[in-house]
Structures are given as structure tokens and as C-alpha cells.
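Trainee: This structure is in C-alpha cells; I'll ask about it shortly.
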Amino acid sequence: MALTSIFVSFALSAALSGVSQANPIRRRAACPDGVNYANNAACCALFPVLEDIQTNMFADSGCADAAHAALRVSFHDAIGFSTSDPSQGTGADGSIFIFGEQEIGYDANLGIADAFNLEAPFIAKHNISVADFIQFAAAVSLTKCPGVLPPTFMFGRVDATAPAPDNTVPEPFQSSTDILARMADAGLTAADTVALLASHSIAGADDIDPNATGVPFDSTPSLFDTQFFVETLLNGTVPGPNQGQASSPIQGELRLQSDFELAHDPATACLWQANVNNQQAMAQAFQQAFAKMQIIGQDASTLVDCSDVLPAPPALSASQAQAFFPPGLNISDVQGSCDGTPFPNLPTAPGAAVSVNSM
Ligand code: HEM
């Protein structure tokens with residue numbers, strides 16, 4: 001054998017021995033529609049759903065009303081579960097719509113009728129479980145919000161055969177202790193709870209203030225950024241007289257009593273403050289906690305990972321990722337509760353104090 005071919009054969013076998021230790025090369029399955037590919041052929045069933053809801057349900061409206069509603073209902077469905085009491089529901093099981101006549105009537109589900117009206121016609125058209133539809137629509141909704149890291153989607157949930165009882169969904173007027181206890185009972189830690197509440201960065205309220213709808217929880221409700229964690233830690237100067245409401249730092253912004261309490265509870269205050277101006281950590285913690293929430297009560301070993309079907313979320317620009325004090329406010333307006341860790345000093349947005357627009 002010539003010296004060069006000995007060398008080639010040695011190099012090839014060295015390369016192959018490296019390959020044999022690496023992960024096998026996966027072939028993506030071509031879907032029957034002749035257009036799409038998926039890591040698992042079972043996921044092909046999701047492409048027609050994706051296309052329909054993108055075009056007709058979310059109607060390409062971005063990180064706005066429909067996306068926010070789809071995200072909220074995914075939590076209200078999943079949280080109907082207890083690690084100790086089977087009578088509390090079977091988790092992310094679609095019960096909130098399947099038994100909507102009962103569950104949507106619970107006080108904590110005020111406003112969930114909007115999500116039902118949005119999603120029901122599409123659930124009727126597509127042959128996937130209601131439980132899967134709710135969580136799939138929520139994952140798709142997240143991909144509309146700049147700053148979200150790619151969500152996961154596990155496919156194959158079993159639908160509920162009974163409704164979740166009342167009082168599984170936390171209320172904004174409950175104490176942080178009660179809320180954390182309810183979340184823990186469903187299998188979610190205090191850290192998971194704070195992580196999940198990053199969702200309130202792309203959210204607002206229709207039913208807390210009887211005189212206003214679409215009142216955002218932070219000044220950037222279409223961006224999944226850390227402003228929510230900044231603004232919930234600023235002194236409240238605008239009165240919030242309604243049940244479940246606390247005073248907010250900016251005209252036109254609504255602060256939930258529960259967010260205020262969790263921002264200051266010793267069990268969560270430092271986790272809360274740690275998210276301030278820490279986009280990557282916040283987005284990563286949310287990504288993980290959301291994946292956990294989405295399969296509450298389901299047998300994970302029977303689900304298929306169809307995350308590759310989801311579109312990529314838009315990125316947040318560097319300037320959007322920079323947290324700031326709203327115009328006219330600064331570090332002296334911070335009401336911090338994480339003893340021993342100074343609140344980061346942030347730039348103040350230029351201009352005179354403004355009022356936040358409704359969504
Ligand atoms: C843990 C305690 C929580 C409480 C007490 C709570 C409470 C609330 C309340 C009172 C509203 C306003 C409803 C209205 O008046 O329209 C709201 C909105 C919202 N919540 Fe939560 N929430 C919690 C956790 C979560 C979680 C874990 C998620 C998602 C993972 C979530 C997602 C949302 C979204 C997206 C909205 C905005 C809905 C819209 O604009 O249509 N929330 N929440």
C-alpha cells in the first residue's frame with residue numbers, strides 16, 4: 001500500500017471512530033403533504049394545524065391579544081392538578097374547554113371565554129386532542145413574541161374525562177403564600193412560579209379594572225423582556241383600587257396584587273430581582289418551566305417531541321433587551337426586597353413621564 005493510501009485509510013478510520021461515538025445522524029421524515037419534514041413522522045399531523053392557526057386564528061397579528069389569550073389558557077388548563085389529590089383534575093388535559101360550561105364559569109377563569117371563542121372553531125376542524133391543541137396554540141403564540149427562546153412542544157396528550165374542580169387556578173387577590181402552595185401542590189416550585197410569571201411581561205388585564213380593558217402589566221407588552229420584573233419593583237404611585245390590584249408606577253399600567261406580593265415575598269424576592277436586565281437567564285428559566293407546565297398530569301414517556309414543528313421566535317434587539325427605568329424614574333423609585341443584593345442601576349428612558357397605552 002502506498003504511503004498516501006495508508007495515511008488516507010488511517011485518517012478515515014480515525015474519523016469514523018469519532019463518528020461512531022457521536023450521535024447518529026437523524027433523517028427527518030418527509031411528511032405526506034410533500035412540503036414539510038419532521039424529526040418524527042407523527043409530528044406531520046401538526047403542520048396543517050400550524051398553518052391554519054397562523055393564518056386564521058392568530059391572523060398574523062404578532063405578540064398581541066390572540067397570542068396573550070392563548071398563552072393564559074394553557075396555564076389555566078394545566079394547573080388543574082394536584083400531586084396528592086386526584087380529585088383536583090388531570091392537568092394539561094383540555095378540561096377547561098371540554099368542560100367549559102363548568103370551568104369557564106369559575107371566578108379565576110374570568111376572561112377565558114375569549115380564548116374559548118378564539119380556539120373552539122379550530123379545535124373542531126383538526127383531529128388532535130383538545131389538550132394538545134391548547135398547549136400547541138400556546139407554544140405557537142410564544143413564537144410571536146420577540147425575546148422568547150424556542151419553546152418545546154410534546155405531542156400526544158390524553159383528554160380529560162372530568163372537569164377540574166374550582167379553586168385550582170390562583171387568584172390575583174390571594175396571598176403569595178397561598179399561591180406558592182397551590183403551585184407546589186401542582187408540582188411547580190417557587191423558582192418555576194417566578195420563571196412562569198415572565199409570561200406577565202406579554203400580558204395585561206381586561207377584567208380587573210371595570211373601566212378599562214387591555215391594561216398592560218408592563219410598558220412593553222409585546223416584548224418578552226425583563227421590564228415586567230423592573231416595573232413590579234418600582235414604588236406604586238398610581239392607585240389600584242380594585243380587587244386583585246395594587247398601585248402601579250406608571251399611568252395606564254396595571255399591577256396585580258399577586259405580582260406585587262411575589263416580588264416581595266422572601267421566598268421569591270431574590271429570584272424576582274435576579275431577572276432584572278438578565279434577558280438570557282429569564283428566557284431560559286421560562287423555557288424550562290413552561291415545558292414542565294405544559295405536560296402536567298400527562299405521562300411524558302408516551303409523548304412525542306414535536307418541537308421542531310414550531311417556527312423560530314423573533315429575536316430581541318440588543319437595545320430592546322436593555323432594561324430601563326421608565327421616563328422620570330430612577331433607582332430611588334425602586335422598592336427592592338432582595339436584601340444584600342443591590343438592584344442593578346439602569347438607564348432612564350428619555351423624555352417626560354408618559355402613560356402606557358392599552359394593548
Ligand atoms: C401564578 C399566579 C398567577 C396569577 C394570580 C395570575 C393572574 C392573572 C390575571 C388576574 C390576569 C388578568 C386577567 C384579565 O383580567 O383579563 C392575568 C393575565 C395573564 N396571565 Fe396570569 N396569573 C398567574 C400566572 C400565570 C402564568 C403561569 C401564565 C402563563 C404561563 C400566565 C399568563 C397570563 C397571560 C398571558 C395573561 C394575559 C391574558 C390576555 O391579555 O388576554 N399567568 N393573569
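Placement of Cβ uses the backbone N, Cα and C atoms for every residue, glycine included.
Found this in TrEMBL, in case it helps:
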SIGNAL    1-22  signal peptide
SITE      Arg72  site 'Transition state stabilizer'
ACT_SITE  His76  active site, proton acceptor
BINDING   Asp77, Gly91, Asp93, Ser95  Ca(2+) 1 binding site
DOMAIN    118-310  domain 'Plant heme peroxidase family profile'
BINDING   His200  heme b binding site
Trainee: Determine which residues of this chain, when Asp77, Gly91, Asp93, Ser95 are set aside, have a Cβ within 8 Å of the centroid of the Ca(2+) 1 site's Cβ atoms, and list them as they appear in the sequence.
Mentor: Ala78, Gly80, Phe81, Gly89, Thr90, Ala92, Gly94, Ile96, Ala131, Ala160, Ala164, Ile296, Gly297
Trainee: Give the mean pLDDT for the domain 'Plant heme peroxidase family profile' (118-310) on the 0 to 100 scale.
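Mentor: Its mean pLDDT is 98.
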Trainee: In whole Å, how far is Arg72 (site 'Transition state stabilizer') from Ser95 (Ca(2+) 1 binding site) when you measure between their Cα atoms?
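Mentor: If we compare the Cα positions of Ser95 (Ca(2+) 1 binding site) and Arg72 (site 'Transition state stabilizer'), the gap is 15 Å.
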Trainee: Taking the recorded positions His76, Asp77, Gly91, Asp93, Ser95, which residues show a Cβ-atom distance to ligand 1 below 6 Å?
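Mentor: Near the molecule: none at all.
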Trainee: Calculate the distance in Å between the alpha carbons (Cα) of Asp93 (Ca(2+) 1 binding site) and His76 (active site, proton acceptor), and round it to a whole number.
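Mentor: That comes out at 11 Å between the alpha carbons.
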Trainee: For the residue listed as 'active site, proton acceptor', what is the tally of other C-beta atoms lying within 10 angstroms of its C-beta?
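Mentor: Counting Cβ neighbours of the residue listed as 'active site, proton acceptor' within 10 Å gives 23.
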Trainee: Recorded positions Arg72, His76, Asp77, Gly91: which have a Cα within 10 Å of the residue listed as 'heme b binding site'?
Mentor: Arg72
Trainee: Hey, what's the Cβ neighbour count for Arg72 (site 'Transition state stabilizer') at 10 Å?
Mentor: 20
Trainee: Rounded to a whole angstrom, what is the C-alpha distance between Arg72 (site 'Transition state stabilizer') and Gly91 (Ca(2+) 1 binding site)?
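Mentor: One finds 14 Å between the Cα atoms of these residues.
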Trainee: Only counting partners 6 or more residues apart, tell me which same-chain residues put their Cβ under 8 Å from the Cβ of Asp77 (Ca(2+) 1 binding site).
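Mentor: Looking at Cβ-Cβ distances below 8 Å from Asp77 (Ca(2+) 1 binding site), excluding near sequence neighbours, one finds Gly91, Ala92, Asp93, Gly94, Ser95, Ile96, Phe97, Ala131, Ile134, Gln135.
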